[in-house]
Amino acid sequence: MQFQPVNRISRRREHDPAMSANKSMSAGEADRPVRSRPAKPGRGAAFLTVYLTGLIVALADFADGKLFHGDVDNGMRALQIKTLLSEDGRWFDLTLPMIATPDAYVSPWSRLVDLPYMLLARVLELFMPAGVALDWAFLIWPPLLLALFSWLCVLIIERLLGEVELSRLRHLLLLALTTVLMAIAVLEFSPGRIDHHNLQIIAMAAIMLGLLRWDQAGGWLVGTGGALSIVIGLECLPFVVIMFAGLVACHVFNARGAAQVLAGAAIAMLATSLVSAAAFLGPNVGLTQCDAFSAPYLMLMAGGSVILLMWAKAGAARALPVRLLLVAGPAALLLAATGWIFPECLRGPYHMMDPLSRTLWFDRIWQEKSVLLLFRNGQYETVINLVLQAMIILAAVPVLWGRARRDPGLVISWLLAAATLVMTLVVTRYIRFPAALVPLFLPAVTAAVLTGKAGMQRRMAGLLAGAAVLAGASLLILVPPVEQRLDNIDFMSFVECGDQDFSVLADVTPGRIAVPLGLSMPLVQVLPEGFSVANVPFHRAAPGMKRMFEAFAAQDSELRRAALAPFDYVAVCRFRLESDDGYTGLYSALAAGKDWPGLIRIDPPRRSDFQLFSIDHADLR
């Protein structure tokens, strides 16, 4: 038997419908070998690229001993954890005894953030002293969180890229570039950065990954991330609302898989909120705290989850008006009931702030201002970063448009990232969130340009990105830098005694100390047991701030005497600058090194700019 040689390419052409349909294909083209797809890096290589790049950024921040995000929140978190680990620490008691306004100061922050530091410190105490163990826990845990965030970023970018083909080198370089552009967010994971924002960033990334999965497991991620972000703090509440609004809209219009994702998200939020209430609120579950996860928010989260779960299971087959009524009616009743039961929260999370503290402290905080303040202050490196983010988020619209029509989760993910950027333009306190989410779209946008596909989409992306650059350049012209004029209220907030000697406190009887804002944080970190400071730069300390502004800046001696009545000492750091403004008073005199009637100077054991005075209330002027 003789065998005839078979032309495999011809046989493939005979049986391949796609190739048979192309009658005009030449023989040379048909015989051309099929080009193999570029080899993508594995998830392990992608993770190492993102994590190591991020770790380099974080360690560079840590190297000089001064964290980019080393703010009041960092110091307050350290106080809260140290108090928990002390002999008098209690899990459900968030009172910080070293702060008295003169009323006891109760922290609004969740024990969820404290938990890993406490556990890690307890383990390390087996090998080193307790204080050293806690210091090491502060250094170790944030980089570990960076690893989790890096893994989430890899999974998100993988789904945003879709089927786009990139070489291994280009892929890894894009991952490294993306991580660098996320620097403001990555710096939240620097060693020693123990604030809650890193966990919030992880929760937001989990939400985005869940949306991109668009399945039941994705719904669980969405609900868990949304619930935990609120348990941690209320900053992400607007984004959680936007995300759920997107899910509701998808279900209203019967988008593919929306019911499954919405049901999964509702179940996860319900379970997570109830477990968190038991674990972190305990006997305080009935208390009203409008600035933290507590009874009002638990009612909204649990009640809203039940409504959405029932609606997702029962509303898909109904007519559109009926579906809208089934969700809008119960939701309106829930909102009305919550507002009626907790009316004080209708005034917002900062309702405890008096007008004086709001004017002299809160209204001067840069992070509560719009992005225009960055232009006025000449902080152009931050402005450039935001312009780049605007370019990315706008360029992503035409690039991802085709996929968006069949992928509702992609649309909501884009809206979520865009919302964080818009919120940052209005209130810069949100700046870390677009830095974490928006650059994740960069690989998909860049890949579309590099692969040369969809020319019209690439041109539209270029036009939109150019519009962002033009808008930023226009603001540079329209909003010129302004020289800031400082007054004594500003001087009171400066930290000038951070490296001074406070040992004089060991020689006096413990008591309450009246201090200006700038001195409060350095002092509260080193206070001997039994001492307390009158205020800290945090909104719950507003009653103490009001007293200190009246004591240090008011001209009225009776007002000053009343403000200082609950306190035993006054402490002020020497300050070399002077300001001839309307706030000259006790602070101006003491900062200049002068004495004051009714204040008895206590000589320190060694030279220091830290000045401590005992108060003679009878002679105080």
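Cβ atoms are placed via backbone N, Cα and C, with glycine included.
What you are looking at is a predicted structure, and each value in this text was computed from that prediction instead of being measured.
Taken verbatim from TrEMBL:
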type: REGION; residues: 1-40; note: region 'Disordered'
type: TRANSMEM; residues: 45-63; note: transmembrane segment
type: TRANSMEM; residues: 139-157; note: transmembrane segment
type: TRANSMEM; residues: 169-187; note: transmembrane segment
type: TRANSMEM; residues: 226-249; note: transmembrane segment
type: TRANSMEM; residues: 261-281; note: transmembrane segment
type: TRANSMEM; residues: 293-312; note: transmembrane segment
type: TRANSMEM; residues: 324-342; note: transmembrane segment
type: TRANSMEM; residues: 383-402; note: transmembrane segment
type: TRANSMEM; residues: 409-427; note: transmembrane segment
type: TRANSMEM; residues: 433-451; note: transmembrane segment
type: TRANSMEM; residues: 463-482; note: transmembrane segment
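Among 45-63, 169-187, 261-281, 293-312, 45-63 has the largest number of CB pairs under 8 A with the transmembrane segment (139-157).
Listed by sequence, the residues of this chain that lie at least six past the ends of the transmembrane segment (261-281) yet keep a Cβ under 8 A from its Cβ atoms are 92, 110-112, 210-211, 214-224, 226-228, 230-231, 244, 247-248, 250-251, 287, 293-294, 298, 301-302, 304-306, 308-309, 311-313, 409. Against the transmembrane segment (226-249), stretch 409-427 shows more Cβ pairs under 8 Å than any other of 324-342, 383-402, 409-427. Across the candidate stretches 45-63, 169-187, 324-342, 383-402, 409-427, the maximum count of CB pairs under 8 A to the transmembrane segment (433-451) is reached by 169-187. Between the transmembrane segment (169-187) and the transmembrane segment (383-402) there are 3 or more Cβ pairs closer than 8 Å, counting only residues 6 or more apart in sequence, so the two stretches are in contact.
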